[in-house]
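These notes concern the structure reproduced below.
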Amino acid sequence: MKFLKRGVALALLAAFALTTQPAQAYEKDKTYKITILHTNDHHGHFWRSEYGEYGLAAQKTLVDSIRKEVAQEGGGVLLLSGGDINTGVPESDLQDAEPDFRGMNLIGYDAMAVGNHEFDNPLTVLRQQEKWAKFPFLSANIYQKSTGERLFKPWAIFTRQDIKIAVIGLTTDDTAKIGNPEYFTDIEFRKPAEEAKVVIQELNMNEKPDVIIATTHMGHYDNGDHGSNAPGDVEMARSLPAGSLAMIVGGHSQDPVCMASENKKQVNYVPGTPCAPDKQNGIWIVQAHEWGKYVGRADFEFRNGEMKMVNYQLIPVNLKKKVTWDNGKSERVLYTPEIAENPQMLLLLTPFQNKGKVQLEVKIGSVNGLLEGDRSKVRFVQTNMGRVILAAQIARTGADFGVMSGGGIRDSIEAGDITYKSVLKVQPFGNIVVYADMSGKEVVDYLTRVAQMKPDSGAYPQLANVSFVAKEGKLTDLKIKGEPVDPAKTYRMATLSFNATGGDGYPRIDNKPGYVNTGFIDAEVLKEFIQQNSPLDAAAFTPKGEVSWL
(Lines of atoms letter the chains of each structure in order from A and count residues from 1; the text may use other names and numbers.)
(Lines give C-alpha, C1' and ligand atoms only; values in the text may rest on other atoms or scores of the structure.)
Protein backbone atom coordinates (compact mmCIF):
# COMPACT_ATOMS: atom_id res chain seq x y z
CA MET A 1 0.00 0.00 0.00
CA LYS A 2 2.72 2.45 -0.95
CA PHE A 3 3.12 5.31 -3.36
CA LEU A 4 6.62 6.37 -4.37
CA LYS A 5 6.54 10.16 -4.81
CA ARG A 6 8.80 11.15 -7.66
CA GLY A 7 10.13 14.48 -8.75
CA VAL A 8 8.02 14.55 -11.87
CA ALA A 9 5.26 12.47 -13.35
CA LEU A 10 7.63 9.76 -14.65
CA ALA A 11 7.87 10.66 -18.30
CA LEU A 12 4.26 11.61 -18.90
CA LEU A 13 5.04 11.52 -22.57
CA ALA A 14 8.37 11.28 -24.34
CA ALA A 15 8.47 15.07 -24.18
CA PHE A 16 8.13 14.94 -20.39
CA ALA A 17 11.43 13.17 -19.80
CA LEU A 18 13.01 16.06 -17.90
CA THR A 19 12.84 15.43 -14.13
CA THR A 20 13.07 17.75 -11.17
CA GLN A 21 13.37 16.81 -7.52
CA PRO A 22 10.91 18.41 -5.08
CA ALA A 23 12.16 21.01 -2.65
CA GLN A 24 11.91 19.01 0.56
CA ALA A 25 10.66 20.71 3.72
CA TYR A 26 10.02 17.48 5.59
CA GLU A 27 12.61 15.83 7.84
CA LYS A 28 14.43 12.75 6.67
CA ASP A 29 13.40 9.52 8.43
CA LYS A 30 10.47 11.22 10.16
CA THR A 31 6.97 9.73 9.81
CA TYR A 32 4.16 12.24 9.20
CA LYS A 33 0.47 11.46 9.60
CA ILE A 34 -1.94 12.86 7.00
CA THR A 35 -5.67 12.17 6.92
CA ILE A 36 -7.76 12.87 3.83
CA LEU A 37 -11.50 13.25 4.48
CA HIS A 38 -13.90 13.34 1.56
CA THR A 39 -17.52 13.58 0.43
CA ASN A 40 -19.15 13.97 -2.99
CA ASP A 41 -22.46 14.50 -4.78
CA HIS A 42 -23.99 16.51 -1.95
CA HIS A 43 -26.93 17.60 -4.13
CA GLY A 44 -28.45 20.11 -1.74
CA HIS A 45 -28.73 17.87 1.34
CA PHE A 46 -27.70 20.48 3.89
CA TRP A 47 -30.48 19.40 6.26
CA ARG A 48 -31.06 15.96 7.78
CA SER A 49 -33.47 13.65 5.97
CA GLU A 50 -37.01 12.97 7.15
CA TYR A 51 -35.59 9.94 8.98
CA GLY A 52 -32.85 11.95 10.70
CA GLU A 53 -30.07 10.77 8.39
CA TYR A 54 -26.98 12.70 7.20
CA GLY A 55 -27.08 16.54 7.00
CA LEU A 56 -24.28 19.06 7.54
CA ALA A 57 -24.94 19.47 11.28
CA ALA A 58 -24.07 15.83 12.02
CA GLN A 59 -21.28 15.92 9.43
CA LYS A 60 -19.64 18.82 11.27
CA THR A 61 -19.71 16.92 14.56
CA LEU A 62 -18.04 13.95 12.89
CA VAL A 63 -15.39 15.99 11.08
CA ASP A 64 -14.60 18.01 14.22
CA SER A 65 -14.12 14.77 16.13
CA ILE A 66 -11.74 13.36 13.52
CA ARG A 67 -9.76 16.61 13.35
CA LYS A 68 -9.33 16.53 17.13
CA GLU A 69 -8.24 12.89 17.10
CA VAL A 70 -5.72 13.41 14.30
CA ALA A 71 -4.33 16.57 15.90
CA GLN A 72 -3.77 14.74 19.18
CA GLU A 73 -1.69 12.21 17.25
CA GLY A 74 0.33 15.01 15.64
CA GLY A 75 -1.23 14.66 12.21
CA GLY A 76 -2.93 16.95 9.71
CA VAL A 77 -6.30 16.79 7.93
CA LEU A 78 -7.41 17.78 4.43
CA LEU A 79 -11.16 17.82 3.65
CA LEU A 80 -12.18 17.55 -0.02
CA SER A 81 -15.42 17.36 -1.99
CA GLY A 82 -15.86 15.54 -5.28
CA GLY A 83 -18.41 18.13 -6.43
CA ASP A 84 -22.09 18.36 -7.37
CA ILE A 85 -23.11 20.53 -4.45
CA ASN A 86 -26.08 21.73 -6.49
CA THR A 87 -29.48 20.30 -7.41
CA GLY A 88 -31.65 17.82 -5.63
CA VAL A 89 -33.39 19.35 -2.61
CA PRO A 90 -35.90 22.16 -3.14
CA GLU A 91 -34.94 24.12 0.00
CA SER A 92 -31.43 24.30 -1.38
CA ASP A 93 -32.34 24.77 -5.05
CA LEU A 94 -34.62 27.72 -4.33
CA GLN A 95 -31.73 29.46 -2.56
CA ASP A 96 -28.99 28.64 -5.10
CA ALA A 97 -27.30 26.30 -2.58
CA GLU A 98 -26.29 29.19 -0.33
CA PRO A 99 -27.00 27.19 2.85
CA ASP A 100 -24.87 24.33 1.54
CA PHE A 101 -21.82 26.44 0.78
CA ARG A 102 -22.08 28.37 4.03
CA GLY A 103 -22.42 25.09 5.89
CA MET A 104 -19.35 23.70 4.14
CA ASN A 105 -17.45 26.80 5.22
CA LEU A 106 -18.34 26.11 8.83
CA ILE A 107 -17.19 22.49 8.54
CA GLY A 108 -13.93 23.69 7.01
CA TYR A 109 -13.75 22.22 3.52
CA ASP A 110 -10.40 22.86 1.86
CA ALA A 111 -11.37 22.45 -1.81
CA MET A 112 -13.93 20.95 -4.16
CA ALA A 113 -14.04 19.65 -7.70
CA VAL A 114 -16.47 21.41 -10.00
CA GLY A 115 -19.25 18.92 -10.79
CA ASN A 116 -21.49 18.82 -13.84
CA HIS A 117 -24.51 19.87 -11.76
CA GLU A 118 -22.74 23.09 -10.82
CA PHE A 119 -23.79 24.06 -14.37
CA ASP A 120 -27.50 23.49 -13.79
CA ASN A 121 -27.47 27.23 -13.16
CA PRO A 122 -26.03 30.03 -15.28
CA LEU A 123 -22.36 30.87 -14.74
CA THR A 124 -23.40 34.02 -12.87
CA VAL A 125 -24.93 31.85 -10.14
CA LEU A 126 -21.81 29.69 -9.97
CA ARG A 127 -19.66 32.80 -9.56
CA GLN A 128 -21.90 33.92 -6.68
CA GLN A 129 -21.45 30.51 -5.08
CA GLU A 130 -17.68 30.94 -5.36
CA LYS A 131 -18.05 34.18 -3.40
CA TRP A 132 -20.02 32.43 -0.66
CA ALA A 133 -17.47 29.62 -0.42
CA LYS A 134 -14.26 30.10 1.54
CA PHE A 135 -12.55 27.31 -0.37
CA PRO A 136 -11.52 27.03 -4.04
CA PHE A 137 -13.58 25.49 -6.84
CA LEU A 138 -11.09 23.39 -8.82
CA SER A 139 -11.20 22.21 -12.43
CA ALA A 140 -8.22 22.08 -14.74
CA ASN A 141 -10.12 21.04 -17.86
CA ILE A 142 -12.89 23.67 -18.15
CA TYR A 143 -12.00 26.51 -20.51
CA GLN A 144 -13.62 29.61 -21.91
CA LYS A 145 -13.75 29.15 -25.67
CA SER A 146 -13.40 32.81 -26.57
CA THR A 147 -10.23 33.39 -24.53
CA GLY A 148 -8.70 29.94 -24.21
CA GLU A 149 -8.33 30.55 -20.48
CA ARG A 150 -9.38 28.22 -17.69
CA LEU A 151 -12.61 29.17 -15.93
CA PHE A 152 -11.47 27.83 -12.55
CA LYS A 153 -8.25 27.27 -10.63
CA PRO A 154 -6.63 24.05 -11.86
CA TRP A 155 -5.09 23.22 -8.51
CA ALA A 156 -4.55 24.40 -4.95
CA ILE A 157 -1.53 23.95 -2.68
CA PHE A 158 -1.81 22.98 0.98
CA THR A 159 0.78 22.35 3.68
CA ARG A 160 0.07 19.75 6.33
CA GLN A 161 2.79 18.81 8.85
CA ASP A 162 5.50 20.28 6.57
CA ILE A 163 4.21 18.17 3.68
CA LYS A 164 3.39 20.15 0.55
CA ILE A 165 0.21 18.73 -1.00
CA ALA A 166 -1.13 19.72 -4.42
CA VAL A 167 -4.81 19.07 -5.15
CA ILE A 168 -5.90 19.00 -8.80
CA GLY A 169 -9.55 19.42 -9.83
CA LEU A 170 -11.06 17.66 -12.86
CA THR A 171 -14.60 17.54 -14.29
CA THR A 172 -16.24 14.98 -16.56
CA ASP A 173 -16.23 16.08 -20.17
CA ASP A 174 -19.73 14.61 -20.36
CA THR A 175 -20.89 17.87 -18.77
CA ALA A 176 -21.29 19.48 -22.18
CA LYS A 177 -23.59 16.62 -23.17
CA ILE A 178 -25.58 16.07 -19.98
CA GLY A 179 -25.80 19.70 -18.84
CA ASN A 180 -27.98 22.49 -20.19
CA PRO A 181 -26.53 23.42 -23.62
CA GLU A 182 -27.79 27.00 -23.24
CA TYR A 183 -25.14 27.57 -20.57
CA PHE A 184 -22.20 26.22 -22.59
CA THR A 185 -22.08 28.52 -25.60
CA ASP A 186 -18.64 29.82 -24.54
CA ILE A 187 -17.45 26.91 -22.38
CA GLU A 188 -15.26 23.99 -23.43
CA PHE A 189 -14.75 20.77 -21.45
CA ARG A 190 -11.45 19.21 -22.44
CA LYS A 191 -10.50 15.57 -21.84
CA PRO A 192 -9.66 15.40 -18.13
CA ALA A 193 -7.09 12.61 -18.41
CA GLU A 194 -5.10 14.56 -20.99
CA GLU A 195 -5.33 17.72 -18.93
CA ALA A 196 -4.18 15.81 -15.85
CA LYS A 197 -0.93 14.84 -17.59
CA VAL A 198 -0.21 18.46 -18.40
CA VAL A 199 -1.08 19.71 -14.92
CA ILE A 200 1.01 17.05 -13.16
CA GLN A 201 3.99 18.09 -15.26
CA GLU A 202 3.38 21.78 -14.50
CA LEU A 203 3.14 21.08 -10.78
CA ASN A 204 6.31 19.02 -10.63
CA MET A 205 8.24 21.53 -12.70
CA ASN A 206 7.06 24.65 -10.87
CA GLU A 207 5.47 23.92 -7.49
CA LYS A 208 7.43 20.75 -6.63
CA PRO A 209 4.86 19.27 -4.22
CA ASP A 210 5.60 16.26 -2.06
CA VAL A 211 2.19 14.72 -2.79
CA ILE A 212 -0.34 15.18 -5.60
CA ILE A 213 -4.02 14.30 -5.13
CA ALA A 214 -6.85 14.72 -7.64
CA THR A 215 -10.37 15.59 -6.60
CA THR A 216 -12.54 14.66 -9.55
CA HIS A 217 -16.12 14.53 -10.74
CA MET A 218 -15.78 11.85 -13.39
CA GLY A 219 -17.28 8.63 -12.06
CA HIS A 220 -15.95 5.22 -11.04
CA TYR A 221 -16.69 2.38 -13.46
CA ASP A 222 -15.58 -1.17 -12.67
CA ASN A 223 -12.54 -2.12 -14.72
CA GLY A 224 -12.98 1.04 -16.78
CA ASP A 225 -16.18 -0.21 -18.42
CA HIS A 226 -17.82 3.20 -18.73
CA GLY A 227 -20.41 2.33 -21.40
CA SER A 228 -21.90 5.46 -22.95
CA ASN A 229 -20.51 7.61 -20.13
CA ALA A 230 -17.27 9.53 -20.56
CA PRO A 231 -14.18 7.76 -19.19
CA GLY A 232 -13.87 8.02 -15.41
CA ASP A 233 -11.32 7.71 -12.62
CA VAL A 234 -10.24 4.14 -13.38
CA GLU A 235 -9.48 4.91 -17.00
CA MET A 236 -7.60 8.08 -16.07
CA ALA A 237 -5.51 6.34 -13.42
CA ARG A 238 -4.48 3.71 -15.95
CA SER A 239 -3.51 6.37 -18.49
CA LEU A 240 -1.18 8.22 -16.11
CA PRO A 241 2.34 7.24 -15.08
CA ALA A 242 2.22 4.72 -12.24
CA GLY A 243 1.88 6.39 -8.85
CA SER A 244 1.90 9.91 -10.31
CA LEU A 245 -1.10 10.65 -8.08
CA ALA A 246 -1.31 9.44 -4.51
CA MET A 247 -5.08 9.38 -4.59
CA ILE A 248 -8.20 10.25 -6.58
CA VAL A 249 -11.11 11.58 -4.52
CA GLY A 250 -14.01 10.96 -6.87
CA GLY A 251 -17.67 11.64 -7.49
CA HIS A 252 -20.36 11.62 -10.21
CA SER A 253 -21.29 7.91 -10.35
CA GLN A 254 -22.61 8.18 -6.78
CA ASP A 255 -21.25 4.86 -5.55
CA PRO A 256 -19.57 3.73 -2.37
CA VAL A 257 -16.31 2.58 -3.93
CA CYS A 258 -15.76 -0.51 -1.80
CA MET A 259 -14.16 -3.30 -3.77
CA ALA A 260 -15.33 -6.91 -3.49
CA SER A 261 -12.45 -8.11 -5.64
CA GLU A 262 -10.04 -6.74 -8.20
CA ASN A 263 -11.92 -4.39 -10.56
CA LYS A 264 -15.30 -5.25 -9.00
CA LYS A 265 -17.20 -3.12 -6.49
CA GLN A 266 -19.44 -4.57 -3.79
CA VAL A 267 -22.98 -4.60 -5.13
CA ASN A 268 -24.82 -3.81 -1.91
CA TYR A 269 -22.36 -2.24 0.49
CA VAL A 270 -23.62 -2.38 4.10
CA PRO A 271 -22.97 0.85 6.05
CA GLY A 272 -20.44 0.47 8.82
CA THR A 273 -18.71 -2.60 7.37
CA PRO A 274 -15.11 -2.59 6.08
CA CYS A 275 -14.52 -0.80 2.78
CA ALA A 276 -11.56 -1.53 0.53
CA PRO A 277 -10.89 1.34 -1.90
CA ASP A 278 -9.90 0.71 -5.48
CA LYS A 279 -6.28 0.85 -6.58
CA GLN A 280 -5.30 1.29 -10.20
CA ASN A 281 -1.76 1.74 -11.47
CA GLY A 282 -0.47 2.62 -8.00
CA ILE A 283 -3.23 5.21 -7.45
CA TRP A 284 -5.93 4.87 -4.80
CA ILE A 285 -9.48 5.73 -5.91
CA VAL A 286 -12.21 6.55 -3.39
CA GLN A 287 -15.80 7.77 -3.47
CA ALA A 288 -18.29 8.27 -0.62
CA HIS A 289 -21.60 7.47 -2.32
CA GLU A 290 -23.78 10.63 -2.19
CA TRP A 291 -25.70 13.26 -0.17
CA GLY A 292 -23.30 13.25 2.77
CA LYS A 293 -24.41 9.73 3.68
CA TYR A 294 -20.78 8.98 4.49
CA VAL A 295 -17.56 10.77 5.25
CA GLY A 296 -14.65 8.90 3.71
CA ARG A 297 -11.49 8.73 5.80
CA ALA A 298 -8.08 7.78 4.42
CA ASP A 299 -5.19 7.76 6.91
CA PHE A 300 -1.71 7.95 5.40
CA GLU A 301 1.81 7.86 6.74
CA PHE A 302 4.35 9.92 4.81
CA ARG A 303 8.02 9.07 5.23
CA ASN A 304 10.99 10.00 3.04
CA GLY A 305 8.82 10.81 0.05
CA GLU A 306 6.54 7.78 0.29
CA MET A 307 2.80 7.85 1.03
CA LYS A 308 1.49 4.70 2.67
CA MET A 309 -2.24 4.19 3.31
CA VAL A 310 -2.63 2.62 6.74
CA ASN A 311 -6.41 2.83 7.14
CA TYR A 312 -9.50 3.52 5.06
CA GLN A 313 -13.14 3.62 6.05
CA LEU A 314 -16.51 5.00 5.01
CA ILE A 315 -18.13 6.45 8.12
CA PRO A 316 -21.95 6.47 7.98
CA VAL A 317 -23.62 9.72 9.04
CA ASN A 318 -26.66 8.49 10.97
CA LEU A 319 -27.72 6.06 8.24
CA LYS A 320 -30.62 3.81 9.17
CA LYS A 321 -32.17 0.54 8.03
CA LYS A 322 -35.80 -0.48 8.19
CA VAL A 323 -36.43 -3.34 10.61
CA THR A 324 -39.71 -5.25 10.95
CA TRP A 325 -40.28 -6.83 14.36
CA ASP A 326 -42.13 -10.04 15.22
CA ASN A 327 -45.28 -8.06 16.01
CA GLY A 328 -45.37 -6.76 12.44
CA LYS A 329 -44.36 -3.23 13.36
CA SER A 330 -41.37 -1.66 11.67
CA GLU A 331 -38.99 1.15 12.48
CA ARG A 332 -35.75 2.60 11.21
CA VAL A 333 -32.70 1.88 13.33
CA LEU A 334 -29.15 3.19 13.12
CA TYR A 335 -26.40 1.12 11.53
CA THR A 336 -23.81 2.75 13.79
CA PRO A 337 -23.93 4.93 16.94
CA GLU A 338 -25.78 8.22 16.51
CA ILE A 339 -23.80 11.36 15.71
CA ALA A 340 -25.17 14.44 17.45
CA GLU A 341 -25.94 17.53 15.38
CA ASN A 342 -23.66 20.50 15.91
CA PRO A 343 -25.59 23.41 17.55
CA GLN A 344 -23.63 26.09 15.69
CA MET A 345 -24.47 24.50 12.35
CA LEU A 346 -28.14 24.20 13.29
CA LEU A 347 -28.17 27.88 14.19
CA LEU A 348 -26.76 28.72 10.76
CA LEU A 349 -29.00 26.44 8.71
CA THR A 350 -32.36 26.63 10.47
CA PRO A 351 -33.36 30.00 8.93
CA PHE A 352 -32.58 28.64 5.45
CA GLN A 353 -34.59 25.49 6.12
CA ASN A 354 -37.57 27.47 7.39
CA LYS A 355 -37.45 29.95 4.54
CA GLY A 356 -38.62 27.52 1.87
CA LYS A 357 -40.58 25.14 4.04
CA VAL A 358 -43.98 26.84 4.08
CA GLN A 359 -44.43 26.98 0.32
CA LEU A 360 -43.00 23.52 -0.27
CA GLU A 361 -45.15 21.63 2.22
CA VAL A 362 -48.51 22.64 0.75
CA LYS A 363 -50.46 19.60 -0.49
CA ILE A 364 -51.14 19.68 -4.23
CA GLY A 365 -52.60 16.19 -4.72
CA SER A 366 -52.28 12.51 -3.87
CA VAL A 367 -51.44 9.11 -5.35
CA ASN A 368 -52.51 5.62 -4.32
CA GLY A 369 -49.16 3.91 -4.96
CA LEU A 370 -45.45 4.46 -5.54
CA LEU A 371 -44.41 6.51 -8.56
CA GLU A 372 -41.00 5.00 -9.28
CA GLY A 373 -38.27 7.54 -9.98
CA ASP A 374 -35.24 5.96 -8.37
CA ARG A 375 -31.94 6.31 -10.22
CA SER A 376 -31.54 2.52 -10.31
CA LYS A 377 -34.81 2.26 -12.29
CA VAL A 378 -35.24 5.32 -14.51
CA ARG A 379 -31.82 4.81 -16.14
CA PHE A 380 -32.56 1.16 -16.95
CA VAL A 381 -36.29 0.57 -17.54
CA GLN A 382 -39.53 2.40 -18.28
CA THR A 383 -41.27 3.58 -15.09
CA ASN A 384 -44.66 4.97 -14.08
CA MET A 385 -42.96 8.16 -12.87
CA GLY A 386 -41.66 8.74 -16.37
CA ARG A 387 -45.14 8.15 -17.77
CA VAL A 388 -46.74 10.66 -15.37
CA ILE A 389 -44.19 13.34 -16.24
CA LEU A 390 -44.62 12.80 -19.96
CA ALA A 391 -48.42 12.64 -19.62
CA ALA A 392 -48.24 16.10 -18.06
CA GLN A 393 -46.14 17.42 -20.93
CA ILE A 394 -48.37 15.79 -23.55
CA ALA A 395 -51.46 17.30 -21.93
CA ARG A 396 -49.92 20.78 -21.84
CA THR A 397 -48.69 20.73 -25.45
CA GLY A 398 -51.32 18.61 -27.17
CA ALA A 399 -48.58 16.25 -28.29
CA ASP A 400 -48.98 12.76 -29.70
CA PHE A 401 -46.06 11.33 -27.74
CA GLY A 402 -43.33 12.32 -25.32
CA VAL A 403 -39.63 11.62 -24.80
CA MET A 404 -37.14 12.63 -22.10
CA SER A 405 -33.87 11.48 -20.53
CA GLY A 406 -34.33 9.11 -17.64
CA GLY A 407 -31.55 10.96 -15.85
CA GLY A 408 -33.80 14.00 -15.62
CA ILE A 409 -35.99 12.14 -13.12
CA ARG A 410 -34.36 12.60 -9.73
CA ASP A 411 -36.70 11.03 -7.18
CA SER A 412 -39.76 8.87 -6.53
CA ILE A 413 -43.11 9.95 -5.07
CA GLU A 414 -44.42 7.71 -2.31
CA ALA A 415 -48.08 6.75 -1.94
CA GLY A 416 -50.12 9.39 -0.12
CA ASP A 417 -50.21 13.16 -0.21
CA ILE A 418 -48.07 14.96 -2.79
CA THR A 419 -46.51 18.33 -2.02
CA TYR A 420 -44.80 20.86 -4.23
CA LYS A 421 -41.57 19.78 -2.56
CA SER A 422 -42.16 16.25 -3.85
CA VAL A 423 -42.51 17.55 -7.40
CA LEU A 424 -39.38 19.69 -7.21
CA LYS A 425 -37.35 16.75 -5.96
CA VAL A 426 -38.48 14.77 -9.01
CA GLN A 427 -37.74 17.59 -11.48
CA PRO A 428 -35.26 20.03 -9.91
CA PHE A 429 -33.56 21.40 -13.03
CA GLY A 430 -36.03 24.06 -14.16
CA ASN A 431 -36.17 22.88 -17.77
CA ILE A 432 -38.72 24.27 -20.21
CA VAL A 433 -41.39 22.06 -21.78
CA VAL A 434 -41.10 22.26 -25.58
CA TYR A 435 -42.60 20.49 -28.57
CA ALA A 436 -41.89 19.92 -32.23
CA ASP A 437 -44.12 19.00 -35.14
CA MET A 438 -42.37 16.39 -37.28
CA SER A 439 -43.18 14.17 -40.23
CA GLY A 440 -43.52 10.45 -39.68
CA LYS A 441 -40.16 9.92 -41.37
CA GLU A 442 -38.53 12.43 -39.02
CA VAL A 443 -40.13 10.65 -36.06
CA VAL A 444 -38.68 7.32 -37.20
CA ASP A 445 -35.21 8.86 -37.60
CA TYR A 446 -35.42 10.63 -34.24
CA LEU A 447 -36.60 7.62 -32.24
CA THR A 448 -34.08 5.36 -33.95
CA ARG A 449 -31.27 7.58 -32.67
CA VAL A 450 -32.79 7.97 -29.21
CA ALA A 451 -33.20 4.21 -28.90
CA GLN A 452 -29.41 3.86 -29.10
CA MET A 453 -29.03 5.54 -25.69
CA LYS A 454 -27.86 2.74 -23.45
CA PRO A 455 -29.18 1.77 -20.03
CA ASP A 456 -27.07 2.76 -17.01
CA SER A 457 -26.73 6.32 -18.24
CA GLY A 458 -28.78 9.44 -17.77
CA ALA A 459 -29.50 9.44 -21.51
CA TYR A 460 -31.63 6.29 -21.34
CA PRO A 461 -35.03 7.44 -22.73
CA GLN A 462 -38.35 7.45 -20.92
CA LEU A 463 -41.17 7.32 -23.48
CA ALA A 464 -44.95 7.74 -23.58
CA ASN A 465 -47.41 6.76 -26.34
CA VAL A 466 -44.55 5.01 -28.13
CA SER A 467 -43.98 1.31 -28.81
CA PHE A 468 -41.18 -0.43 -30.71
CA VAL A 469 -38.68 -3.26 -30.73
CA ALA A 470 -35.04 -2.13 -30.97
CA LYS A 471 -32.42 -4.51 -32.33
CA GLU A 472 -28.98 -3.90 -33.81
CA GLY A 473 -29.54 -0.18 -34.22
CA LYS A 474 -32.90 -0.51 -35.95
CA LEU A 475 -36.54 -0.23 -34.87
CA THR A 476 -39.36 -2.54 -35.85
CA ASP A 477 -43.08 -2.42 -35.10
CA LEU A 478 -42.82 1.32 -34.34
CA LYS A 479 -46.16 2.78 -33.30
CA ILE A 480 -47.44 6.09 -31.94
CA LYS A 481 -50.57 5.81 -29.79
CA GLY A 482 -50.96 2.22 -30.94
CA GLU A 483 -50.93 2.99 -34.67
CA PRO A 484 -48.07 2.34 -37.12
CA VAL A 485 -46.14 5.48 -37.98
CA ASP A 486 -47.24 7.01 -41.27
CA PRO A 487 -44.19 8.62 -42.97
CA ALA A 488 -46.40 11.31 -44.53
CA LYS A 489 -48.32 12.20 -41.38
CA THR A 490 -47.38 15.04 -38.99
CA TYR A 491 -46.79 14.14 -35.35
CA ARG A 492 -46.20 16.36 -32.34
CA MET A 493 -43.55 15.36 -29.82
CA ALA A 494 -43.25 16.82 -26.31
CA THR A 495 -39.87 16.94 -24.61
CA LEU A 496 -37.68 19.23 -22.51
CA SER A 497 -35.49 22.12 -23.62
CA PHE A 498 -32.51 20.16 -22.32
CA ASN A 499 -33.04 17.31 -24.79
CA ALA A 500 -34.26 19.58 -27.58
CA THR A 501 -30.97 21.47 -27.60
CA GLY A 502 -28.83 18.34 -27.70
CA GLY A 503 -28.57 17.47 -24.02
CA ASP A 504 -27.50 13.87 -23.27
CA GLY A 505 -26.53 13.54 -26.94
CA TYR A 506 -30.13 13.64 -28.18
CA PRO A 507 -30.76 14.94 -31.73
CA ARG A 508 -31.25 18.70 -31.78
CA ILE A 509 -34.74 19.77 -32.74
CA ASP A 510 -34.70 23.43 -31.68
CA ASN A 511 -33.74 24.41 -35.23
CA LYS A 512 -36.74 22.70 -36.83
CA PRO A 513 -39.53 24.87 -38.32
CA GLY A 514 -42.11 23.11 -36.15
CA TYR A 515 -40.26 23.70 -32.86
CA VAL A 516 -42.00 25.66 -30.08
CA ASN A 517 -40.63 26.66 -26.68
CA THR A 518 -43.72 26.89 -24.44
CA GLY A 519 -42.00 28.83 -21.68
CA PHE A 520 -43.54 26.52 -19.06
CA ILE A 521 -41.20 25.13 -16.38
CA ASP A 522 -41.30 21.32 -16.20
CA ALA A 523 -41.99 21.11 -12.45
CA GLU A 524 -44.85 23.60 -12.75
CA VAL A 525 -46.37 21.55 -15.58
CA LEU A 526 -46.14 18.40 -13.48
CA LYS A 527 -47.57 20.19 -10.45
CA GLU A 528 -50.61 21.40 -12.40
CA PHE A 529 -51.19 17.95 -13.91
CA ILE A 530 -51.20 16.38 -10.46
CA GLN A 531 -53.58 19.05 -9.15
CA GLN A 532 -55.99 18.50 -12.04
CA ASN A 533 -55.90 14.69 -11.99
CA SER A 534 -55.71 13.79 -8.29
CA PRO A 535 -56.07 11.34 -6.85
CA LEU A 536 -53.65 9.68 -9.26
CA ASP A 537 -53.88 5.94 -9.86
CA ALA A 538 -50.25 4.74 -9.94
CA ALA A 539 -51.20 1.50 -11.70
CA ALA A 540 -52.78 3.39 -14.60
CA PHE A 541 -49.32 4.71 -15.54
CA THR A 542 -47.48 1.40 -15.21
CA PRO A 543 -45.54 0.51 -18.41
CA LYS A 544 -46.78 -2.62 -20.13
CA GLY A 545 -43.75 -3.61 -22.17
CA GLU A 546 -44.46 -1.22 -25.03
CA VAL A 547 -40.76 -0.78 -25.78
CA SER A 548 -38.08 -3.44 -25.74
CA TRP A 549 -34.41 -3.75 -26.60
CA LEU A 550 -33.17 -7.10 -27.94
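Backbone N, Cα and C atoms are what each Cβ position is placed from, and that goes for glycine too.
When Asp84, Asp210, Asp222, Asp299 are compared with the Zn(2+) 1 site residues Asp41, His43, Gln254 in Swiss-Prot, the one appearing in that site is Asp84. Among the candidates Phe429, Phe468, Phe529, Phe541, the residue that Swiss-Prot names alongside Phe498, Asn499, Ala500, Thr501, Gly502, Gly503, Asp504 for the substrate site is Phe429. Of the listed candidates (His45, His252), Swiss-Prot assigns His252 to the same Zn(2+) 2 site as Asp84, Asn116, His217. The distance from the Cα of Asp41 (Zn(2+) 1 binding site) to the Cα of His252 (Zn(2+) 2 binding site) comes to 6 Å. On the backbone, the CA of Gln254 (Zn(2+) 1 binding site) and the CA of His117 (site 'Transition state stabilizer') stand 13 Å apart. Straight-line distance linking the Cα atoms of His43 (Zn(2+) 1 binding site) and His117 (site 'Transition state stabilizer'), rounded to a whole number, equals 8 Å. Within 8 A of the CB centroid of the Zn(2+) 2 site residues Asp84, Asn116, His217, His252, the other residues of that chain are Asn40, Asp41, Gly82, Gly83, Ala113, Gly115, His117, Glu118, Thr171, Thr172, Thr175, Met218, Gly219, Gly251. Here the recorded positions are His43, His117, His217, His252, and the one ringed by the most other CB atoms within 10 angstroms is His217. Sorted by the number of other CB atoms within 10 A, the recorded positions Asp41, Asp84, Asp120 start with Asp120, the lowest.
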